[in-house]
Amino acid sequence: MSVSPVSIVSTPVAVSASPAGSPDQPAPPVTVRWRGVETYEASFDAMRAFTDARTADTGDEIWLVEHPPVYTLGQAGDPSHLLVADSGVPLVKVDRGGQITYHGPGQIVAYLLLDLRRRKLMVRTLVTKIEEAVIETLAAYNLASVRKAGAPGIYVASGVHEGAKIAALGLKIRNGCSYHGLSLNVKMDLRPFLAINPCGYAGLETVDMASLEVAADWNDVAHTLVRRLIANLDGASAAADKPQALEQHSND
């Protein structure tokens, strides 16, 4: 599968309702929260509750989570992309854009709860900023990665695994605010990806950083990723709560 470093032409974004809030109010610093190892359902419910309760004064947050094994299917997703019905991994239908993906131990999941109007961000611009943050994060570990036209996410740029997917992206926009986000594969059991057509693409190879011979620590990668996300959202001088609690994560 050949990959070219081009801008995406479609994005897995679900949009509902009309934007609300004040677009002229400056965006406060992003608060970063490490929520620990948490079931997908708990994170999903918390994201929706947070977004529903937002006011014009609610700060933006990035949540870093590691999930037990779970498949998630986007709101317009095709269930036939789950190839093994009795895999033992639960399937959760969700309201983000995109098709089916897998979350599990050894993967960083970052949820971006942002007021897009306040940040004066169009959805496509947000997607680009997220993708750039992942590309920059991987580059910090000497891994070259690219976007792929028509297939949102981040892909290996060259080598034996050229074209393999290493990060997935899916968002929901409600009342002008985003939730859901991205997942980056650090050191995982990749076998559950074989039971699906990842993001709806049959035969798409999925890799992690370990597959690319990078012995990266989950915490280090998470710190790098969140720094790049915040820098891309607010500029390199943006203030944010340092996610000290990430140090509690165990790679065992």
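Just so you know, glycine gets a Cβ as well, placed from its N, Cα and C.
In the three-state DSSP classification, C199 (active site, acyl-thioester intermediate) falls within a helix. Under the heading active site, acyl-thioester intermediate, Swiss-Prot lists C199.
Annotation source Swiss-Prot lists substrate binding site at R96, G97, G98, Q99, I100, T101, Y102, H103, A168, L169, G170, G181, L182, S183, citing sequence analysis. L182 (substrate binding site) is surrounded by 24 other CB atoms, counting those within 10 A of its CB over all protein chains shown. According to DSSP, L182 (substrate binding site) is assigned to a strand segment.
Residues annotated as domain 'BPL/LPL catalytic' in Swiss-Prot: 56-237. Each residue in the domain 'BPL/LPL catalytic' (56-237) has a pLDDT score, and their mean in this model is 93.
Per Swiss-Prot, site 'Lowers pKa of active site Cys' is recorded for K165, and the stated evidence type is sequence analysis. Other Cβ atoms within 10 Å of the Cβ of K165 (site 'Lowers pKa of active site Cys') number 25 in total over all chains.
Scoring each of the recorded positions (I100, A168, C199) by how many neighbouring Cβ atoms lie within 10 Å, the top position goes to A168. Residues listed for substrate, R96, G97, G98, Q99, I100, T101, Y102, H103, A168, L169, G170, G181, L182, S183, cover a largest CA to CA span of 16 Å.
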